[in-house]
């Protein structure tokens with residue numbers, strides 16, 4: 001085990017800072033000596049008094065959407081629904097609830113691109129997977145817009161999103177309008193594929209297209225609908241980046257084609273056929289011009305175009321309410337320096353939505369509804385994730401692209417795994433309980449597994465935690481109050497927690513209330529924003545969140561909450577109006593205490609109507 005591999009969290013595979021990762025991570029399924037050594041240090045950390053907080057728990061009661069959500073909407077002209085963690089929080093349900101308010105008539109996506117993925121259901125129970133299309137398309141009488149600061153691959157948009165609407169007979173021609181978006185071309189997606197670490201990107205071309213955008217190269221949608229000579233000229237200028245990359249890397253078209261075939265080799269189409277055709281095309285610019293003429297400009301099914309920012313301002317001036325549907329999340333925003341190396345390429349905070357919506361925020365009142373998910377708070381891709389069951393890049397580093405890459409029967413007994421984890425790995429019965437978990441072993445017919453690995457795999461299986469875009473298993477973990485506190489301080493207080501009915505499956509739940517810093521080296525000190533971080537330092541909710549280079553070495557201090565297995569809250573098992581179980585009230589009280597958020601709703605099932613509004 002090399003020194004790099006000794007830098008790990010107490011129960012999962014080790015964490016290594018981005019940019020300094022060695023070729024071999026030495027991740028294992030079983031508990032290794034390095035993890036035991038980390039635990040031997042962390043188990044002696046002095047307990048923090050906050051583990052005994054809150055002293056009392058609030059009582060929460062169910063109320064109607066009209067009593068809880070609608071008064072918030074009615075006080076404001078612009079309602080933003082924003083992710084509060086690392087994306088995939090289940091925002092669609094809250095988006096639908098806001099969209100269904102009678103006064104909310106204008107619904108828009110105003111930034112980012114098809115790397116966002118959300119699953120929504122219409123009133124008939126039909127499932128739709130949208131990336132750029134606003135969820136309001138499934139609500140009657142709503143106008144839906146994709147704003148000009150979004151980035152769009154129009155071929156993918158038509159094939160994967162508009163096609164769903166056509167097949168379901170959704171009258172999108174009267175409901176969906178597209179602004180002068182920046183165009184994601186096949187070479188942007190190929191640059192993403194060729195330049196990204198394995199399994200670290202959605203392969204949707206986000207970083208390359210935003211690079212084209214900020215350097216004032218590339219094309220926008222209007223270029224496709226106007227003079228073809230201008231379109232050709234701009235494409236020739238922008239594509240130089242792609243050709244230059246191939247030259248520097250010594251790659252031929254044949255090399256790129258083999259890479260595409262390898263990426264699609266497991267049956268999941270990550271590189272679409274038209275991108276492969278682009279690689280094979282002799283004259284790539286002419287291929288693109290013809291592609292866009294045939295499948296965008298001359299396509300009668302392409303949605304109507306308009307000046308979205310002007311339409312939005314006009315709607316506000318008429319007294320209409322506007323909903324901005326946030327992609328990704330606060331901590332995935334490229335405008336947040338704490339995680340900037342491992343984020344998306346747009347500002348996906350609420351302030352980023354406000355800026356790209358292009359309205360006068362001095363004239364119109366706005367409000368943010370943040371959405372988090374628990375249990376099973378998750379992240380995809382690479383980067384730090386202090387509250388995760390395993391290192392954030394565990395699946396990527398071990399070559400797991402989808403759950404099919406794991407042994408079929410590996411860690412399928414979720415109940416036994418969660419029971420071992422929450423009732424044996426923690427030791428709350430001891431006087432010196434400090435919120436650190438012990439790296440126990442779980443064994444099934446396929447082998448022995450570190451309990452963190454077992455929880456990560458079992459959670460992904462049990463909760464269906466795979467990317468809506470990539471199908472990659474998400475890395476799950478505890479609800480993180482340290483990170484949520486900052487989200488609340490910047491764009492709170494309203495918080496909706498989705499998927500809380502998952503708690504029906506747990507004996508206990510964990511909430512991260514602080515971190516302890518430990519890098520495995522006694523004399524190594526990190527200086528982040530003027531503060532020095534050394535082994536044993538505690539970072540509590542409400543304190544400054546350190547940069548990602550320090551967060552790789554942060555380990556969660558976990559407060560345990562009693563579960564509610566005997567009184568499930570899932571919509572299929574609970575009658576509306578039934579009292580909320582004590583465990584649910586303990587969980588909500590703990591989150592509110594440590595984050596200062598105000599919880600307005602919890603999700604309790606897959607359907608849009610499966611949501612419990614909270615009266616306090």
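Just so you know, the numbers here start at 1 and follow the chain as drawn.
Positions of Cβ are set from backbone N, Cα and C atoms, glycine also.
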Would you identify which residue of 236, 258, 474 Swiss-Prot lists as part of the GTP site it also attributes to 87, 88, 89, 90, 91, 92, 93, 117, 118, 119, 603, 604, 605?
474
Looking at Swiss-Prot, 88, 89, 90, 91, 115, 116, 117, 118, 216, 328, 343, 472 are annotated for IMP. Which of 202, 241, 446 sits in that same site?
202
Of 117, 202, 328, 473, which is closest to residue 87 (GTP binding site) if I measure between C-alpha atoms? They're all binding-site residues.
328
Fewest other CB within 10 angstroms, which one of the binding-site residues 91, 118, 474?
118
Integer Cα-Cα distance in angstrom, residue 117 (Mg(2+) binding site) to residue 604 (GTP binding site):
20
CA-CA, which of the binding-site residues 88, 89, 474, 604 lies nearest residue 115 (IMP binding site)?
88
Tell me which residues of the chain lie with their Cβ under 8 angstroms from that of residue 473 (substrate binding site), as long as they are six or more apart in sequence?
395, 400, 402, 403, 456, 457, 460, 465, 466
Greatest CA-CA distance (Å) over the residues 88, 89, 90, 91, 115, 116, 117, 118, 202, 216, 328, 343, 472 that the record ties to IMP?
34
What's the CA to CA span in angstrom from residue 93 (GTP binding site) over to residue 472 (IMP binding site)?
22
Candidates 90, 202, 472 (binding-site residues) with Cα within 10 Å of residue 118 (GTP binding site):
90
Going by C-alpha positions, which of the binding-site residues (88, 90, 202, 328) is nearest residue 474 (GTP binding site)?
88
